[in-house]
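Features of the protein shown, as given by Swiss-Prot:
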BINDING   ARG34, ARG139, ARG140, ARG186, SER187, ALA188, ASP189, ASN197, HIS227, ILE228, TYR229  dUMP binding site
BINDING   HIS64, ASP189, ALA283  (6R)-5,10-methylene-5,6,7,8-tetrahydrofolate binding site
ACT_SITE  CYS159  active site, nucleophile
Amino acid sequence: MNTPPETRPDRPIRSQYEDFMRHVDAHGVFKADRTGTGTKSVFGYQMRFDLNEGFPLVTTKKVHLKSIVQELLWFLTGSSDNNWLKERGVTIWDEWAREDGDLGPVYGVQWRSWPTPDGGHIDQISEVIKTLKTNPDSRRIIVSAWNVADLSKMALMPCHAFFQFYVAPATEAGGKGKLSCQLYQRSADIFLGVPFNIGSYALLTHMVAQQCDLDVGDFIWTGGDCHIYSNHAEQVALQLSRAPFPYPTLHIKRKPESIFDYQFDDFEFLDYQHHAAIKAPVAV
């Protein structure tokens, strides 16, 4: 896998995300796809973001923070109802929702209510919090949204399918461990989807770290089929013509009683400097 240079405070600002986009634009091969749009694609890529160096929001275009935060909170409710999002002014799932708003057993359902053969359910998020608090050295701190038995019932199969947490021990007496998260994304729409996914899982890592009394470490994004849609070529060229700004800083205003009690207003993104938004069609 190709890992671009990390952004460091003592170096000129160079965004891993834009390097990723350049790599796919230069080396991608044409592939047909499910939507009939066509893509320029590479297989396998990785980016590593040190969350202590800022919150990794894309700055070469405006990212819709409200949608990122509300979607993550929606996942954590365990809901499959798009109406929850629409009531909060978020429309990113509208293209896939059924008439009544249902999306089938998508991300939140699998995270919170993975079905078991005996008719029960597993709350994977609660298990993660419990394990991080009681056995942080475990190599099994994993959440999967890729439930093969349920795929045909989903309005959209999971693109970001599987993530794992890792705790690096404290380096000094009385210090805190550092929580890192690695996401595997089987299908990555680089222009529209990946900026959301990076922001969402970076935010989740901060939330889980706060709940488990840990410091944040790295967020590692790993992609499978990484692609630029053919009808995003002009938008990509425009975005790559822009110079990135420094990352903003995330401030979480309070510590709720549980991972499920955060509200939208709990999060503040300080000094988010960005270029103008760039519109592009969604491949459905």
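Placed from the backbone N, Cα and C atoms, the Cβ positions cover glycine too.
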- Message: I'd like to know which of the binding-site residues ARG34, HIS227 has the most other Cβ atoms within 10 Å of its Cβ.
- Response: HIS227
- Item | DSSP-derived structure type at ALA283 ((6R)-5,10-methylene-5,6,7,8-tetrahydrofolate binding site), helix or strand or else coil | coil
- Around the Cβ of ARG140 (dUMP binding site), the count of other Cβ atoms that are within 10 Å: 10
- Per the 10 Å Cα distance test against CYS159 (active site, nucleophile), the binding-site residues ARG34, SER187, ASP189, TYR229, ALA283 reduce to SER187, ASP189
- Item | Maximum Cα-Cα separation in Å among residues HIS64, ASP189, ALA283, which the record lists as binding (6R)-5,10-methylene-5,6,7,8-tetrahydrofolate | 18
- Query: Non-local Cβ contacts of ASP189 (dUMP binding site) (under 8 Å, 6 or more apart, same chain)?
  - Reply: CYS159, HIS227, TYR229, ALA283
- Query: Near HIS64 ((6R)-5,10-methylene-5,6,7,8-tetrahydrofolate binding site), which residues of its chain come within a Cβ-Cβ distance under 8 Å, counting only those 6 or more away in sequence?
  - Reply: ALA277
- Enter the number of other CB atoms within 10 angstroms of the CB of ALA283 ((6R)-5,10-methylene-5,6,7,8-tetrahydrofolate binding site). 20
- Message: Below 8 Å Cβ to Cβ and six or more residues apart, same chain only. Which residues does that give for SER187 (dUMP binding site)?
- Response: CYS159, GLY224, ASP225, HIS227
